[in-house]
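What follows is a single structure, written as structure tokens, with notes after it.
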Amino acid sequence: MSDHAPTVTLPHGTFTIAKRFTFQAGHRLPSLPPEHKCGRQHGHSYEVEVILTSDSLADPGFVTDFGDLHPFKEFIDKELDHRNLHEVLPIEPTSELLAQYLAGWIIDNLEPTVPGELVAVCVHETVSGWARFDVVRPQR
Ligand SMILES: Nc1nc2c(c(=O)[nH]1)N=C([C@H](O)[C@H](O)COP(=O)(O)OP(=O)(O)OP(=O)(O)O)CN2
Ligand SMILES: [Zn+2]
């Protein structure tokens, strides 16, 4: 029996990675009618998933080094963690708008320094509810 796994023909395709970040925050959704429970102050353990893609890999075989996403963690920890989101964000803090806002932060601040391209940001507010914002790029 050989000591090596067999050689295979490597298929063409695209690579996708994801990394999860978490933070705790309070919010309310001030635009909701007064009888809606989510108009009241409450909190979530937010999970944010950042999804990046590339057709080719940087050494040693990365779309983007997961460690290169650390500035996003620093941003979340400094600006969002243990805060009232409706007080610190320039948007109404629904999951959908938070996903779009975080995608904008990544495109402005992180994407220029990493090889991968942002595909989407998912925001999980609860174990059962989440929203995803998909970045639409102009046709090249
Ligand atoms: N499309 C969206 N709907 C709602 C959002 C949102 O961001 N996008 N947010 C909320 C509230 O923030 C709420 O905290 C979560 O709502 P909901 O899942 O209804 O609340 P529960 O976890 O208590 O769920 P139950 O299934 O009722 O236990 C509301 N909607
Ligand atoms: Zn909520």
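Keep in mind that glycine also has a Cβ here, set from the backbone N, Cα and C atoms.
Note that TrEMBL annotation is computational and uncurated.
Annotation source TrEMBL lists active site, proton acceptor at Cys38. Per TrEMBL, active site, charge relay system is recorded for His82, Glu125. Summarising the annotation, TrEMBL assigns Zn(2+) binding site to His27, His42, His44.
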Query raised in the report: Using the Cβ centroid of His27, His42, His44 as the reference point for the Zn(2+) site, which residues of the same chain not in that list have Cβ within 8 Å?
Result: Ala25, Gly26, Arg28, Cys38, Gln41, Gly43, Leu85, Pro93, Glu125
Query raised in the report: Just counting, how many other CB atoms are there within 10 A of the CB of His44 (Zn(2+) binding site)?
Result: 18
Requested in this report: Please name the residue among the recorded positions His27, His42, His82 whose C-beta has the most neighbouring C-beta atoms within 10 angstroms.
Outcome: His27
Query raised in the report: Whole-number Å distance between the CA of His42 (Zn(2+) binding site) and the CA of Glu125 (active site, charge relay system)?
Result: 11
Report summary line: Rounded to a whole number of Å, the separation of the Cα atoms of His44 (Zn(2+) binding site) and His82 (active site, charge relay system) comes to 10
Query - DSSP three-state assignment (helix, strand or coil) for the residue listed as 'active site, proton acceptor' - result: helix
Report task. Fill in the CA-CA distance, His82 (active site, charge relay system) to His27 (Zn(2+) binding site), as an integer in Å. Result -> 10
Report summary line: Between the C-alpha atoms of His27 (Zn(2+) binding site) and the residue listed as 'active site, proton acceptor', the distance in angstrom, to the nearest integer, is 9
Report task. Please report how many Å separate the Cα atom of Cys38 (active site, proton acceptor) from that of Glu125 (active site, charge relay system), as a whole number. Result -> 12
**Report entry** All-chain count of other Cβ atoms within 10 Å of Glu125 (active site, charge relay system)
**Finding:** 19
Report summary line: Cys38 (active site, proton acceptor), Cβ-centred 10 Å count of other Cβ atoms over all protein chains shown, is 12
